[in-house]
Amino acid sequence: SLLLLSLGLGTTITFMGSHWLLIWMGLEINTMAIIPLMIHQQHPRAVEATTKYFLTQATASALLLFAGTTNAWMTGQWNITDMLSPTSATLITLALALKIGLAPMHFWLPEVLQGLNLTTGLILSTWQKLAPFAILLQLYPLLNPNILMALGVTSIVVGGWSGLNQTQLRKILAYSSIAHLGWMITIIHFAPNLTLLNLTLYIIMTTSMFLLFNTLNATKINSISVSATKSPLLSIMTLLTLLSLGGLPPLSGFMPKWLILQEMAKQDLLIPATIMALATLLSLFFYLRLCYMMTLTISPTPIFLFSSWQAKTTQMNTLLTITTSLSILL
């Protein structure tokens, strides 16, 4: 609980801060608090993941601090929203992209996520994205829109392409995360409220996905194919959440994609919008493959649809119910 409180404290400091050093300190507390949670498993894979995470986050923090110092040296101001010099603006964009795992700085994310258990993976995929996005949402008018657009489109393509040949669910969720972050970054310069909407929905959908896999105790594709026989109700919920993550109407995940494409068409960004829409089909392919594994291997006796899985009302199950409902019905 101390570590989780520290995690919250780090994010809150970054949310509130308007001084470069304060923001850097918040991100640093955030990184330091999640490291013991990652290494909690005492497994060589967890140690490796923690080391990789620590090195990338330390690099990103150093870049951010360097950018803040450069900015202060150029402008004489430590305030975050003061006019950024182009050099520090670029450096900050790259540092934050490395922090959240945007392509081409994404290589650490699938590796790290694969070495963690699902609960810590959930924290890494949702909570750890909040602080960098808080900075981006304050800074977006001062950052170079071309760099943001390039990072975003690359992330969507890479997230779809690399997820195709994965058999590990955590890696698939990592690539899915990279693709979703790409959508948020492309539109941040033109409509930050859409970025915020997309981030909220991404957090809700990813939370429900991790909790469902946790309940089904599934970490590989072949382990979800037998889940339908364990609890058909849960497998149907997983199916719908996966389709929502893929962005199929009329589920929640369709809304941000639709609005973002509409906004990009208004801004005459037709080529990037087309590439994004096509690259999302790649992501949709691996979501559909998961759905195929879950539902077409469903048990032929539908009598036990609701009786085979009696849920105890725990905090996790309550959270699971809320997030799944929201990620399907919004």
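Backbone N, Cα and C define each Cβ position, glycine as well.
Bear in mind that TrEMBL entries carry predicted annotations, made automatically and left uncurated.
What TrEMBL lists as domain 'NADH:quinone oxidoreductase/Mrp antiporter transmembrane' is 19-282.
When Cβ-Cβ distances below 8 Å are used as the criterion, the transmembrane segment (51-69) is approached by residues 20-21, 23-24, 27-28, 31, 34-35, 38, 78, 87-89, 91-92, 94-96, 98-99, 108, 111-112, 115, 124 of the same chain, each at least six residues removed from its ends. The transmembrane segment annotation in TrEMBL covers 51-69 (among others).
Residues annotated as transmembrane segment in TrEMBL: 89-109 (among others). A Cβ distance under 8 Å defines the sequence-distant neighbours of the transmembrane segment (89-109), meaning residues of its chain 6+ beyond its ends; these are 27, 52-53, 56-57, 59-61, 63-64, 66-68, 70, 128-129, 132-133, 135-136, 139, 142-144, 147-148, 151-152, 154-155, 157-159, 174, 177-178, 181-182, 185.
According to TrEMBL, the transmembrane segment annotation covers 147-165 (among others).
Sequence annotations record features per position, and here TrEMBL assigns transmembrane segment to 172-191 (among others).
Positions annotated as transmembrane segment by TrEMBL: 197-219 (among others).
Residues or ranges marked as transmembrane segment by TrEMBL: 231-249 (among others).
Feature annotation from TrEMBL assigns transmembrane segment to 269-288 (among others).
Per TrEMBL, domain 'NADH dehydrogenase subunit 2 C-terminal' is recorded for 284-330.
Between the transmembrane segment (147-165) and the transmembrane segment (197-219), fewer than three CB pairs separated by 6 or more residues in sequence fall under 8 Å, so the two stretches do not touch. The list of residues near the transmembrane segment (269-288) in space but at least 6 beyond its ends in sequence, with Cβ under 8 angstroms from a Cβ of it, reads 149, 152-153, 156-157, 159-161, 163-164, 166, 172, 175-176, 179, 182-183, 186, 242-243, 245-248, 257, 260-261. The list of residues near the transmembrane segment (172-191) in space but at least 6 beyond its ends in sequence, with Cβ under 8 angstroms from a Cβ of it, reads 97, 100-103, 106, 109-110, 113-114, 121, 125, 129, 133, 136-137, 140-141, 143, 145, 148-149, 151-160, 162-163, 166, 198-199, 202, 206, 209-210, 221, 245, 256-257, 259-260, 263-264, 267, 272, 276, 279-280, 283, 286-287, 290.
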